[in-house]
């Protein structure tokens, strides 16, 4: 057993402390085996060995391996007679005597106390130097990188100028070592260093280079190579693996980076070069080598280095050396005493002697039995020859011995016997055929005792596989293997075992197929900042090789997907090595073989009834439920599994994993067959390259996190649910299905986004032709477009003045406020004089004061916090919105709660105006909105859009029945005030109860529970289950009610303006707080059937299908809710449980699902299109049976139907139509809101004039703070007909603009 390297445990806190240069005394231990060979020593020599005690420290005797075997020889007696004290003394010579152990333990206690003290002092120092530490905290990544590079250059400059003798004896005890240990020039001339680098590059070895260039030792040689590499930025591309061997590892690199990033380190600080070497446990040459590696990596120069992971390192670093040595000594002494008590004859010797005696006696007995058997055989042969004489007339003798009847019977019996033999042979042949057919595949995947294999001790799909040797086959599902790295023997299931004797190169797989095949793949991952590690992970082959340019598409069990290249045919790289056949492989040869093969075949495979690979059963072999469900769905659709189109520049949300539903925004920067390469957003928006989309990115200063994602993965937000909505029966219209389908279908050409509100363009918008509807824009030069963009922003900002009020200090304080406190300045916020200012500015025109206070936080230099305090007309200070609410209540003010905002970003005084020459219409709403809606055009001379303005929605024609829009279809609340307490308002409780019926994950935004009602007339988050406002049935006060928002008039001033490229838009004329109501979207109410008939004029359609909205949101938030992922059920074959009830538990009325095994029919929702077809064929009320394959039927027979309640939307509304809003000919301000990839407005469904779930109002709320002059936009989520061959480009101008309006 080789001597182990000393383990050095360095306390970071003690090294980085500011006082003291001492380091911990480092202890070492030597593992050795006491091996006294009696044949080589006589009794006297053995006694001398025991008497010698401890050898002199530092001699070669400490590292010698003393070998010996305790046998049954009589000479052992002398050894056994030795007292145990001498034995302990001898053992202590290897592990250190008791006094040394006590000293080490004492020193450790002292060090622990010192460490605690140092940490306390360091904490005090950090508090005293708070500004210094804050500077390091607030630095950007770019600034931190610059500081790190400066430190690296300083340390390299010092280390490379060390005197040659200092490289060998580097214990700097001189306090002036920083100046006295170095020279003015590098230790080796730079030109000479370059020559050394070239020689090293050619030989790839350090051997002989020190003598060739007359260097004192190898450490100076390493330093010279680093100097040469740094001077040329490693143009030679030196392989650092040879240099780092036995010098540094990834642990050293990590320690080095930690030291450099520490704020109080540097060449001239207390934590200088000496502390650096102590902290990283390195010599000067190794320090130069580490700093060189980090500098090359920081600057993006070539740096070839792969650290091999060594699990022994961590084990050695964690050893308690004293405890380890004491345990060995105690065990050895105990064994010594036990042997003496048992007598002189050693137990092992006795057992060996007994064993050999048994062998000898058994051999003699066996020999005698064999001789007796041979003799008996010879006697029997001789007896047969004597008793049975030979004669030729056999048939004649038979004929003479039997009568005619007996002969006939014998002949018949022989005929029957021959017939039976023939039938038996035929049956055996048929049975053999069946056996061969069913077991060829199984025989292919069988391990043999003694074979190498890949196995995992931890039965988890995420765990990696390591090399092992087969010990025994326990049963058909279990093998006993011995792991090579740990020598453990364990029983492993065949789903955790992979073969090394077979691979993808085997011709037999051409017969079995590879789709659904369970495999283990070799993957190289990053194990540290500078190292890589090779592991084997299990997965499923998911695509035919020819469909992916000769690569295998692998779905790994841990949730990732990748292409894996593996040789399958002669001539391909690695084929000869991978396919080599030998009776015996060494471990090294086997590793080389598997590295070439890249893919190993798992022992456990999905075998069907016919004995072949059945990929429909693959999901049974995957333990993780989410991954198993995904594989199940994929194999059912194979090869028709759809891929989401992900063009470069597209932005999409990506889930962390199938289990972790947290989302991150990513940008598509490239594609690779069925994969898209996406770039994650940097946590710091100011980081270098945050908006870079180059792939590959060659800017060394950019820090990117790129990932390859399978375009059919359920980690892509909405992809699984959209595909599910298309492929299953639901209540989506064919028009909506076509829109969803287009996201998975190819498109041919791209066209510009039309001017959505331009009268001439409307007719051409969705015809599906190749005509370029924006040809006029295309014809314009870039200069003209730039001019249009500039003219678009020709507006003025004015400041709305406030009246002069009595100074606050002159107002008298009083205990109780009342109506008189309003100073007769109170007014209705809807008065005409407030139309040209922000509603939040209105209180300031009524005697209120809104004062911003800026205060220092005291945590960081320059960090401030801005607070808003309102002062009422009587001088009362109101610090929060609840104070304002109470004041309005007690004073009975006409001002409403939404006229107040504590958002410090809001500038209440700014108002946007335009020159009179650009004003086309003073009030486009013709007075219907209660506030003027001007229309302006500073871009061109186009006439105002042709639209009949309407504030309320209306029925399209007499065929549309909207009789449910009535107070008779509403329930009201019993509140007698302003409904400010949601817990007491029955209408707000309806909203809360509707939210509670949603799946649990849709009730939260991250870790925050969503609030399903207004808060002070603000909507903090979108409520997909819908909001219930108070209505005509309620007894609350209409104007002051906190739950009446959408039904009120527009409050914030806006105007319609002509944009440069997107037609007419809507601009905010004042600052608008987040969560504020903007306006509604109104138009003609159409039935869904009418909408399908008008599908070519659907550019102004808005679906009122609340259930559809909920289902799509479920798909975006957590698609496994729809598929049954993540539940407690283990029966993944439950087709009805997976598809039949998705999204139907939203509403209150519940029905029970029928048991398909009893009724013989499956309860399936009909699409509106199929319902219409059924009615035409006379089957309007019937329920269609779903087409199932024999496999589906077989699997369903084994599944118990679960009796769970769901709300059946279609049964509830089946006699009644669903509705769509069309604002093409007649509408309101909401019709002019344009699309944006980064919208500041979102849509909310609200019910107040009816509680008919089919007829909610469509309302717009701000999703973030809007500045005066900003355009109000929302995300259309617009998709085109699947038969269309064009795409619309987007000109929203957002930083994250995908460039596409139609998402194909």
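Note that the numbers count up from 1, one per residue, in the order the chain is shown.
Glycine too: its Cβ is placed from the backbone N, Cα and C atoms.
Cβ neighbours of residue 975 (Zn(2+) 1 binding site) (same chain, under 8 Å, six or more residues apart in sequence): 984, 985, 986, 1030, 1034, 1035, 1036, 1041. Under the three-state DSSP scheme, residue 975 (Zn(2+) 1 binding site) falls in the coil class. Summarising the annotation, Swiss-Prot assigns Zn(2+) 1 binding site to 973, 975, 979, 985.
There are 28 other Cβ atoms within 10 Å of the Cβ belonging to residue 987 (Zn(2+) 2 binding site). Under DSSP, residue 987 (Zn(2+) 2 binding site) is assigned to a helix (H, G or I) in the three-state scheme. Positions annotated as Zn(2+) 2 binding site by Swiss-Prot, on the basis of similarity to another entry: 973, 987, 1030, 1034.
In the structure as shown, the Cβ atom of residue 1030 (Zn(2+) 2 binding site) sits within 10 Å of 26 other Cβ atoms. The annotation Zn(2+) 3 binding site is assigned in Swiss-Prot to 979, 1030, 1036, 1041.
Cβ neighbours within 10 Å of residue 1100 (S-adenosyl-L-methionine binding site), excluding its own Cβ and spanning all shown chains: 21. Look at residue 1100 (S-adenosyl-L-methionine binding site): DSSP puts it in coil. Summarising the annotation, Swiss-Prot assigns S-adenosyl-L-methionine binding site to 1062, 1063, 1064, 1098, 1100, 1231, 1234, 1235.
Residue 1297 (Zn(2+) 4 binding site) counts 17 other C-beta atoms within 10 Å of its own C-beta, drawing on all protein chains shown. The Zn(2+) 4 binding site feature in Swiss-Prot is assigned to 1237, 1290, 1292, 1297; the stated evidence is similarity to another entry.
Annotated compositional bias 'Polar residues' per Swiss-Prot: 1-16, in sequence order.
Residues or ranges marked as compositional bias 'Acidic residues' in Swiss-Prot: 1128-1144.
Look at Swiss-Prot and you will find 1166-1178 tagged as compositional bias 'Basic residues'.
The domain 'Post-SET' annotation in Swiss-Prot covers 1286-1302 and is backed by sequence analysis. Averaged over the domain 'Post-SET' (1286-1302), the predicted model reaches a pLDDT of 70.
The two recorded residues, residue 979 (Zn(2+) 1 binding site) and residue 1237 (Zn(2+) 4 binding site), have Cα atoms 36 Å apart. In this structure the alpha carbons, written CA, of residue 1297 (Zn(2+) 4 binding site) and residue 973 (Zn(2+) 1 binding site) are 45 Å apart. Within 10 Å (C-alpha to C-alpha) of residue 1235 (S-adenosyl-L-methionine binding site) lie the following binding-site residues from 973, 987, 1292: 1292. Within 10 Å (C-alpha to C-alpha) of residue 1234 (S-adenosyl-L-methionine binding site) lie the following binding-site residues from 973, 987, 1292: 1292. Comparing CA positions across the binding-site residues 973, 987, 1237, 1290, 1292, the one lying closest to residue 1064 (S-adenosyl-L-methionine binding site) turns out to be 1292.
Within 10 Å (C-alpha to C-alpha) of residue 1231 (S-adenosyl-L-methionine binding site) lies none of the binding-site residues 973, 987, 1237, 1290, 1292. Each residue in 973, 975, 977, 978, 985, 987, 1034, 1037, 1038, 1042, 1043, 1044 lies on the same chain as 979, 1030, 1036, 1041 and has a C-beta within 8 Å of the C-beta centroid of that Zn(2+) 3 site, without being one of the site residues. Within the set of binding-site residues (1237, 1290), the lowest number of other Cβ atoms found within 10 Å of a Cβ is recorded at 1237. The binding-site residues close to residue 973 (Zn(2+) 1 binding site), defined as a CA atom within 10 A of its CA, are 987 out of 987, 1063, 1237, 1290. Distance from the CA of residue 1100 (S-adenosyl-L-methionine binding site) to the CA of residue 987 (Zn(2+) 2 binding site) is 31 Å.
In the three-state DSSP scheme, residue 1234 (S-adenosyl-L-methionine binding site) falls into the strand class. The residues near the Zn(2+) 1 site, meaning same-chain residues not in 973, 975, 979, 985 whose C-beta sits within 8 angstroms of the mean position of the site's C-beta atoms, are 974, 977, 981, 984, 986, 987, 988, 1030, 1034, 1036, 1041, 1043, in sequence order. According to DSSP, residue 1030 (Zn(2+) 2 binding site) is assigned to coil rather than to any helix or strand.
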